[in-house]
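*Asks:* According to TrEMBL, the protein carries these features:
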COMPBIAS  36-61  compositional bias 'Polar residues'
COMPBIAS  380-393  compositional bias 'Basic and acidic residues'
COMPBIAS  407-420  compositional bias 'Basic and acidic residues'
COMPBIAS  423-433  compositional bias 'Low complexity'
COMPBIAS  558-569  compositional bias 'Polar residues'
DOMAIN    80-199  domain 'PX'
REGION    1-62  region 'Disordered'
REGION    380-449  region 'Disordered'
REGION    548-583  region 'Disordered'
Amino acid sequence: MEAFDDENPFDAGSDRIPSEDSSTSRVDISEPSSPPQNVLSPLPTVQSPQSRAFPSQGSHRQQSKFKSDFCCARDRVLHSGEDIEILITDAVKTSVGATSPYIAYVIQTGDAVAHHRYSEFESLRSNLVKLYPTTIIPPIPSKQSIGDYAVKQAKAKEDAAMIARRKRMLQTFLNRLAKHPILSNAHVFHRFLDGDVSWTEVLNSPPISLLPKNILKAPSHDPTAEDASPAYAALPNPSAAHPLKNPDQRFLDSEIFTNKFASHLSGPMEKVTRRAVKRWADYAQDHAELGAALNGFSLNESGPLSAAVEKTGQAVDATYISTTKLAQELEQNWAEPINEYAQFSSIIKKLLAYRHQKQVQYEMTEDALAAKKEQLEELEKSEREARRLEDALGRSAISPRSPSSPRPDDQDNQEPRSDNDYSEPPDSSSSYVPPHPGPNPTRRTRAPGMGFLNALSYTLHGMMDVDPETARRNGISKTRESISQLEDALHLAAQDLKYSSSTIQSDLDRFQRQKVADIREMVICMARSHHDWCKKNLEAWEEAKKEIEKIPEHPNKMPSSAPQDSSTPAMGRRDSTATVNGR
């Protein structure tokens, strides 16, 4: 497996320089634009000998900060400074609040006990994803496949191995939430741990009831903000596949690294691990059958031989037990964390896709604003031209008329005038005013060669009697209003992009430290499991060796002083033909 640390973009200590065409040159993401939520470091927990070693107590934990204001009793327990671990102590079959029985998981947090079914864990996680769109929400175990239901049918929900696996992974999910610097402060999470609160009531009350239908059109730092600007409605709804004009190289590297990490985990690592666990399980089953056969065979013998065979069978049984335990520990401490981190990869991809959509939203809003400004410029240019033409027509209407331009109505009755007649100023009532350039009802006849649609449009236009000047000025007014709204929306999009970039990068750095600590713990657990397996097997086989050594030597064994030749078997080895051929 290739090394990731040399090219890991999640490393907080790496001095990466953003590219010149990065979006950071236009939107500063060095500090969050909105005040982040209270960031508190998780507290250390004490693990019982039977509990899982995950999440790790490793170096991803930050320096502890203690809260002084608590929203509820569960918040006080989680941040009181005591060593608290959330445990799922049992899984019971019940039908409380439902028409059919289901499995409820018993959650213990300090002295509080809550009961929740799998679907409620699922709804908790899905709502946390909406409430905290810039945070890595830990995964929960996946649902059973249709094949599982087809094979086991009614017993699928009662599968003991599946329930035990869900207990472990759901407990890991809750403890990861409790150790997260942001999610541990979520009141929705606190109410989930409170056994006296109805989860249906939580789902139908704030903040979950205030979630918008589209979180892309809500503030990144608080999607449930009731005082959010109405300019968010003007933001476009971009696609995750829409290309970026100015991509940020940091997040491009993060996406490449995540894809590579996911391909390693879901490809060779997961397949080889699954195959290795299956082979260890088959190996244990073979020893179980061999031990039973040897124990039965020892009953047919007597004396030291019977005791030796029986002790060998017991050593084989001990190997079966230790191998079964080894396979279980590999499943719990290696295979399940690998599957969990494969899910983490998908979660990070969605997180990066959200940040990608936020940048696309910013760029699309920027393009829309530029288009509206260009449209306004064209409309204002048309308005200036219309006013200039109107002023020119007005000046021509009040200016003295030259003798060469008589009124059209007087052309037929015009009589010769003397030179003195032209010196008199014309009467204002006789000045000619051109007709309005708008539609004229007398001209609503179909022009020769005009198509049916053009004629219909021309007729409807005349019926509506639209004033082009009024329509143009209304267009200018609406365009200016749209520009003002888009400017507000662009400012909000820039703030959201800056906040999303900084918080996502911060959580990716935290996740990297957590991942390094967890993988270290996984490898240590694997080494410890193999060491214990070897130690127990060695002890069992040493006991069997002592019993085997008590068996007397073969009665037909050659004396130690006899010379050896090529036809004589080596000393210390038994010749199976000695009993048959010896006399």
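Placed from the backbone N, Cα and C atoms, the Cβ positions cover glycine too.
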*Asks:* If you average the pLDDT over the domain 'PX' (80-199), what number do you get?
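*Replies:* The answer is 88, the mean pLDDT of the model over that range.
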*Asks:* Summarise the domain 'PX' (80-199) by DSSP state, stating how many residues are helix, strand and coil.
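*Replies:* Residue counts for the domain 'PX' (80-199) by secondary structure: 58 helix, 22 strand, 40 coil.
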*Asks:* Take the compositional bias 'Basic and acidic residues' (380-393) and count its residues per DSSP category (helix H/G/I, strand E/B, coil), listing them in that order.
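*Replies:* When I sort the residues of the compositional bias 'Basic and acidic residues' (380-393) into the three classes, I find 14 helix, 0 strand, 0 coil.
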